[in-house]
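Positions annotated as active site, nucleophile by TrEMBL: Ser126. Taken from TrEMBL, the feature active site covers Asp282, His313. TrEMBL lists 61-152 with the feature domain 'AB hydrolase-1'.
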Amino acid sequence: MDLKVERFPLGEFTLLGGQKTVDWFLEYRALGDPKNPAVLKPTCFGGSIRSNDIPVGEEHTLTPAKYFIILVGMLGGGESSSPSNSKAPYDGPRFPPIMLADQVAAQKKLVDSFGIQKLWAVTGYSMGAMQSYQWAVQFPSFVQHIIPTSGSARCSPHNYVFLEGPKNALLADGKFKNGEYTQEDRPVLGVKGFARAYSGWGFSSTWYREHRYKELGYKDLDEYLVKYWDEGMGGMDANDLLSLVHTWQTGNVSNIPPYCGDFEAALQAIEARALVMPSTTDQYFEAVAGESEVSLMKPGVGTYNPIISIWGHQAGASSNPVDTKFYNDSVAALFAETEAKLKA
């Protein structure tokens, strides 16, 4: 699969908060033939356009042989424009707050550059799932399907409180210096504290009790904590992490006109077929939220299709063969149903 990463200049771009930029960009990978149905996959929290948190490839339902697949990095995530790579006046801690609507507005400019008239699907895991929902609300007639996994259409109070733990562990590092640290003297302990505070939430208690981390190749719990969490998040920039946390905590698809906080009205506006796939053991994007969101959509729009798994939040990230197969089979069935209706 093509690993080439490309950069799309956003040109003049205005954020929901009113800040104007002229030199921001999105990093992305494009796989397959642009003439094929287009699928957009935004990154998750801490994710990369080089990783497959959603299964993409020749052996999966989302294959570049059949679909034109765009993998795009979130603003604030360290690949696209972020605190760590932006120039003044938006460098470091001066990087403006990014909303889900900003992510989608930027991605729409990228999608339009390919001449795409309608997205066949938007799919994403975790914060990628939140962006999938946002797409369906912000551009309802532009999206045929959304497939959010391990995510929801807004950040719940419990989810918000969970994020306060890692965030404040990072802020407690004296080297953070209100975000004015240098790359030579980064708040390494704060980022590690963020990772450790986060670590207990990613998988279910049953997953830990059954020592499933050994299936990921770790000999014991200590090695898992160091390799998976400390090193996994250790390379991230502290200001980037906080930017993503803000986007997550403020995530709510109704935070745009004309809804202005009317969550039910926003979900009623969705036209795309929504295959909602939460994990039954997710500790912060709880499955009950996905079930409720489907019930608020117009009849026939949403399908509640939970991933029954002990892999917690990570069940939606193709972390194991069983959950990956469930995603592939579910998406294949959804697409086949739509294709049959279009041919009828």
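Numbering starts at 1 and runs along the chain as displayed.
Including glycine, each Cβ sits where the backbone N, Cα and C put it.
As the structure is a computational prediction, the values presented were derived from the model and not from experiment.
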Pairwise CA distance, His313 (active site) versus Asp282 (active site), rounded so that it is a whole Å: 4
Chain-internal residues near Asp282 (active site), provided their CB is under 8 angstroms and they sit 6+ positions away: Ser150, Gly312, His313, Ala315, Gly316
Neighbour tally for Ser126 (active site, nucleophile), based on other Cβ positions within 10 Å of its Cβ: 27
His313 (active site), number of other Cβ atoms within 10 Å: 24
Assigned conformation of His313 (active site) - DSSP reduced to three states: helix
DSSP residue counts for the domain 'AB hydrolase-1' (61-152), split into helix, strand and coil: 32 helix, 20 strand, 40 coil
